[in-house]
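J.: Attaching a single structure in structure tokens format; questions to follow.
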């Protein structure tokens, strides 16, 4: 038995996309997703994304398994790839076409742009301790420049949920961060009961941030869309950045805007098709 798939990437954050429109649950188990994501013995990816039928209020549903088999609520680069994949399935190239996508992190609305770009209305950032979730503060408080001890060092962190948890810390030089050592300690810190994604941000200008990320369930990746969104929100909350920023990641740049009008965060970036294939079970 073989499973047809298409591989996409958003700034090097790569995914296996599967057409799952004829079933209400992912056709691949978390264990199989781990095998498919293996870069030596499988296809190789940061995660597997499934396009499932939508509800009466949405066009489609998005589900994801990370490369470790865990299931995140949302993925910013992944939803851009999902939008391009849906357009491929629907055989449309209509610029301005949008989709209402149901995710475990809430409703997301990606819109197709020219030149393989996708803009996503990521919705409202969630800032309360109970919404992250984290025990760094009370359930009704915001986490802004809160101290935390990690790897024998004190860090000031700001926490934001974009449908999934993010812990953001601003540093002088992102290159100097030993991400492979510090990242897992943030992810599994006792203050984050559902674990966390962690972004290390260097402010080059108020409208230009440089970011490295340790993703919950995936480790070091070349890009994280929700992380870029959360980082701009954190930058505004701490007075370090503008509401409209370019965020530079190892895989390229994203344009992020936290609107004062509706409070939503908007992300624009690429989603590129790599290849199609059949994975033999």
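In case you wondered, yes, glycine gets a Cβ from its N, Cα and C as well.
Okay, these came from Swiss-Prot:
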ACT_SITE  75  active site, proton donor
ACT_SITE  224  active site, proton acceptor
BINDING   13, 66, 76, 77, 164, 197, 215, 216, 225, 226  substrate binding site
J.: Residues with Cβ closer than 8 Å to the Cβ of residue 164 (substrate binding site), same chain and 6+ apart in sequence?
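T.: The list for residue 164 (substrate binding site) reads 72, 73, 74, 75, 105, 197, 216, 226, given in order along the sequence.
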J.: What does the structure give for the C-alpha distance between residue 13 (substrate binding site) and residue 224 (active site, proton acceptor)? Integer Å is fine.
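T.: For residue 13 (substrate binding site) versus residue 224 (active site, proton acceptor), the Cα atoms are 7 Å apart.
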J.: Neighbour count first, Cβ atoms within 10 Å, every protein chain included; then name which of 75, 224 tops the list of active-site residues.
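T.: The largest 10 Å Cβ neighbour count belongs to 224.
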J.: Indicate whether the residue listed as 'active site, proton donor' is helix, strand or coil by DSSP.
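T.: Note: the residue listed as 'active site, proton donor' is coil by DSSP, not helix or strand.
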J.: Reported as an integer number of Å, what is the Cα distance between residue 76 (substrate binding site) and the residue listed as 'active site, proton acceptor'?
T.: 7
J.: If I restrict to non-local contacts, at least six residues apart, and a C-beta distance under 8 angstroms, what lies near residue 215 (substrate binding site) in its own chain?
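T.: Sequence-distant Cβ neighbours: 46, 66, 197, 221, 224, 227.
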J.: In sequence order, which same-chain residues at least six apart have a C-beta under 8 angstroms from residue 225 (substrate binding site)?
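T.: The list for residue 225 (substrate binding site) reads 10, 13, 75, 76, 77, 78, 79, 80, 120, 254, 267, 269, given in order along the sequence.
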J.: From the centroid of the CB atoms of 13, 66, 76, 77, 164, 197, 215, 216, 225, 226, the recorded substrate site, which same-chain residues not already listed sit within 8 A by their CB, in sequence order?
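T.: In sequence order, the nearby non-listed residues are 72, 74, 75, 78, 213, 218, 221, 224, 227.
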